[in-house]
Amino acid sequence: MKNIGILGASGSVGTQGLDIIRQYPDTYKLVSFSVGKNLELANKIIEEFRPDICCVQDKEDIDKIQSSSIKVVYGNDGLMEIAAYVKNDMLLNSIMGSIGLKPTVHAIKHGIDIALANKETLVVAGEIIMQLAREYNVNIIPVDSEHSAIFQCLNGEDHKHIEKLIITASGGSFRELSREALKDVTVQDALKHPNWSMGKKITIDSATMMNKGLEVIEARWLFDMPIDKIETLLHKQSIIHSMVEFNDTSVIAQLGTPDMRMPILYAFSYPDRLARKAERLNLAEVGQLDFKAMDFDRYRCLKLAYDAISIGGTMPVVMNAVNEVVVQQFLDGEIGFLDIETIIEREMNAHDVIQSPDLETILEIDAQYKSRKYEV
């Protein structure tokens with residue numbers, strides 16, 4: 001039996017993590033979890049899974065947890081307690097935003113393996129996180145379908161034989177639209193992703209291609225690859241999740257249906273694989289797989305992400321923080337879709353980069369840029 005903790009149990013990845021635990025009751029047990037303000041779901045999780053400890057967002061919410069048999073904690077300190085809970089064998093960090101960074105560090109320092117779905121952890125502090133993981137002999141297993149694919153392709157391979165990583169991208173909600181047409185798209189249009197079921201923020205990031213940019217930065221740290229050896233490729237079916245090309249010109253790809261439960265299960269079960277009852281990939285039904293070179297003029301946020309990691313230091317922190325704020329401003333109807341990339345680029349150009357920042361500097365800059373509201 002493997003004991004699982006989940007940060008962000010009420011989110012898209014978190015609820016799918018619960019599905020996996022539900023499907024394998026003799027293999028996995030939920031022992032700790034956090035939710036934001038979704039107290040109704042928290043009570044259902046407690047009733048079904050009987051965990052030991054739960055974290056809610058605010059102190060006043062503690063009394064709304066109906067079970068007396070569970071320890072209830074709250075806020076950022078509560079997240080830290082969940083992350084390092086002594087019974088955790090693995091922590092699924094699916095909390096959104098840089099608030100997930102400190103709990104990741106805390107879990108690593110307590111020797112707990114990480115199933116990582118929180119992009120910001122590696123985007124803003126990848127070098128620090130991977131160094132800590134090596135120091136504490138902790139496995140970081142990616143849950144993003146693209147990074148899980150690369151991780152699987154690299155099983156048993158020698159790192160020095162890698163020629164390049166190829167990360168696929170669906171193109172998001174607006175892949176069929178011209179750039180001119182993007183000026184007038186609505187929030188409702190943006191939230192209709194053609195392939196994946198995801199939260200609002202990541203769906204917008206997929207439409208701008210910032211999501212793919214964040215994944216490029218994650219891959220740079222997860223797989224210790226120079227940025228010029230990480231490519232992106234448009235693949236609208238989301239069947240090939242990513243590929244690795246080796247120095248002998250061979251290419252290994254990982255394929256599957258667009259279902260996040262697959263990489264979650266792989267992270268939970270690694271280095272084993274568990275049989276799973278789910279829709280299986282039928283390539284005859286798919287019929288064809290389409291590929292297209294990435295257009296950096298069309299997807300400027302992806303270019304900004306390449307620029308940010310090439311510059312390094314605190315630049316990815318600024319890019320990520322501003323993106324988080326302006327995506328919310330777009331969702332709130334305050335700015336247009338193309339304003340997202342314009343504002344991010346402007347703020348990046350104005351930033352004085354600090355190289356080799358420590359964790360506190362990263363968090364200070366992150367908070368500084370997230371405290372602002374951005375005008376067009």
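Glycine residues also receive a Cβ, built from the backbone N, Cα and C atoms like all the rest.
Taken verbatim from Swiss-Prot:
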type	residues	note
BINDING	Ser10, Gly11, Ser12, Val13, Gly36, Lys37, Asn38, Asn118, Glu120, Gly199	NADPH binding site
BINDING	Lys119, Ser145, Glu146, Ser170, His193, Ser206, Asn211, Lys212, Glu215	1-deoxy-D-xylulose 5-phosphate binding site
BINDING	Asp144, Glu146, Glu215	Mn(2+) binding site
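DSSP gives Lys119 (1-deoxy-D-xylulose 5-phosphate binding site) a helix state. Here Asn211 (1-deoxy-D-xylulose 5-phosphate binding site) is positioned 21 angstrom away from Ser10 (NADPH binding site), judged by their C-alpha atoms. Taking each Cβ in turn and tallying the other Cβ atoms within 10 Å, the top scorer among the binding-site residues Ser10, Asn38, Asn211 is Asn211. Report note: the Mn(2+) site is defined by Asp144, Glu146, Glu215, and the residues of the same chain whose CB lies within 8 Å of the CB centroid of those residues, excluding them, are Pro142, Ser145, His147, Ser148, Ile167, Asn211, Lys212, Leu214, Glu218, Ala219, Ser242. Gly36 (NADPH binding site) counts 18 other C-beta atoms within 10 Å of its own C-beta, drawing on all protein chains shown. Around Ser12 (NADPH binding site), taking its Cβ as the centre, 19 other Cβ atoms fall within 10 Å, counting all chains. In three-state terms derived from DSSP, Gly36 (NADPH binding site) belongs to neither a helical nor a strand segment and is classed as coil. A separation of roughly 27 Å, to the nearest angstrom, links the Cα atoms of Glu146 (1-deoxy-D-xylulose 5-phosphate binding site) and Gly36 (NADPH binding site). Its own atom aside, the Cβ of Lys119 (1-deoxy-D-xylulose 5-phosphate binding site) has 24 Cβ atoms within 10 angstroms in the protein chains shown. Here nothing among the binding-site residues Ser12, Gly36, Asn38 falls inside 10 Å of the CA of Lys119 (1-deoxy-D-xylulose 5-phosphate binding site). Glu215 (1-deoxy-D-xylulose 5-phosphate binding site) and Gly36 (NADPH binding site) have their C-alpha atoms 25 Å apart, to the nearest angstrom.
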